[in-house]
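Enquirer: Handing you this structure, nothing more for now.
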Amino acid sequence: MSDLILKCEGVGKRYRDGGLDVPVLYGLDLEIRTGESTGIIGSSGSGKSTLLHILGGLDMPSEGRVLLMGEDLRALNQRRLGDLRNRHLGFVYQFHHLLPEFSALENVMMPLLIGKKSRKEAVETAMAMLDKVGLKHRSTHRAGELSGGERQRAAIARALVTQPKCLLADEPTGNLDRANARNVLDMMLELKTELGTGLVVVTHDDELAGRFERVMVMKDGSLHPRQGANA
């Protein structure tokens, strides 16, 4: 079986602004494989987040195509696209987006319940994932009772609880201090190895990006390997 999860072929993106086409991405090619970590760095407005949204099927390219597990995302109806995305992708953002009225455990359980797992199975699986991220002892605490680093750990647990093929993270440490940022990234890389999950992280932090196996630089809508980055 191929270990290829995501593939971009000639991906371009334009937006309409006042009757004009504004290009954002130009002819991008990219492959993401099982167990591989990729950092995408670039200045604000370079197109990093736009690319991540296209990789995740949250936006569609204007040109080219994106294949997820061999399926062209543009060829799918919304229901099939949602099913494929929910089954194979996890998402983490700069802000945790935990639901404040629920506990850490209930937040992490949610994707499993949406996926029609029984409550018993959801509790057991979510608790095991909270244990992996070091939050089992905080499982009954609501988001407002957790520290910033703990909230992001809970968000990562929620993204990985369904064991997706790939985790897409948009500035996941951008709202944390340096120590917490390092700890969260360490945890993500450990879980990537343990679970065999592909990992794509958009970041402006050059130091953190150096921890990934591959680093790509986004500049003026084009994507290139960083010179001297790990292969």
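The backbone N, Cα and C atoms fix where each Cβ goes, glycine too.
Not my notes, these are from Swiss-Prot:
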- Gly42, Ser43, Ser44, Gly45, Ser46, Gly47, Lys48, Ser49: ATP binding site (BINDING)
- 6-231: domain 'ABC transporter' (DOMAIN)
Enquirer: Look at the binding-site residues Ser43, Ser44, Ser46 and tell me which residue has the greatest number of other C-beta atoms within 10 angstroms of its C-beta.
Expert: Ser46
Enquirer: Which of the three DSSP-derived classes (helix, strand, coil) applies to Lys48 (ATP binding site)?
Expert: helix
Enquirer: I want to check the contact list for Gly47 (ATP binding site): same chain, sequence separation of six or more, C-beta distance under 8 angstroms. What comes out?
Expert: Lys13, Val24, Leu25, Met218, Gly221
Enquirer: Within a 10 Å radius of its Cβ, which of these binding-site residues (Gly42, Gly45) has the fewest neighbouring Cβ atoms?
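Expert: It is Gly45 that, of the binding-site residues Gly42, Gly45, has the fewest other Cβ atoms within 10 Å.
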Enquirer: Counting across all protein chains present, how many other Cβ atoms fall within 10 Å of the Cβ of Lys48 (ATP binding site)?
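Expert: Summing over all protein chains shown, Lys48 (ATP binding site) has 24 other Cβ atoms within 10 Å.
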Enquirer: DSSP three-state call for Gly42 (ATP binding site): helix, strand or coil?
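Expert: For Gly42 (ATP binding site) - judged by DSSP and reduced to three states - the answer is coil.
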Enquirer: Around Ser49 (ATP binding site), how many other CB atoms lie within 10 A of its CB?
Expert: 19
Enquirer: Which chain neighbours of the ATP site, leaving out Gly42, Ser43, Ser44, Gly45, Ser46, Gly47, Lys48, Ser49, have a Cβ atom within 8 Å of the mean position of the site's Cβ atoms?
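Expert: Here the non-site neighbours turn out to be Met218.
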Enquirer: Tell me, roughly as an integer, the mean pLDDT over the domain 'ABC transporter' (6-231).
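Expert: Averaging the confidence scores along the domain 'ABC transporter' (6-231) gives 87.
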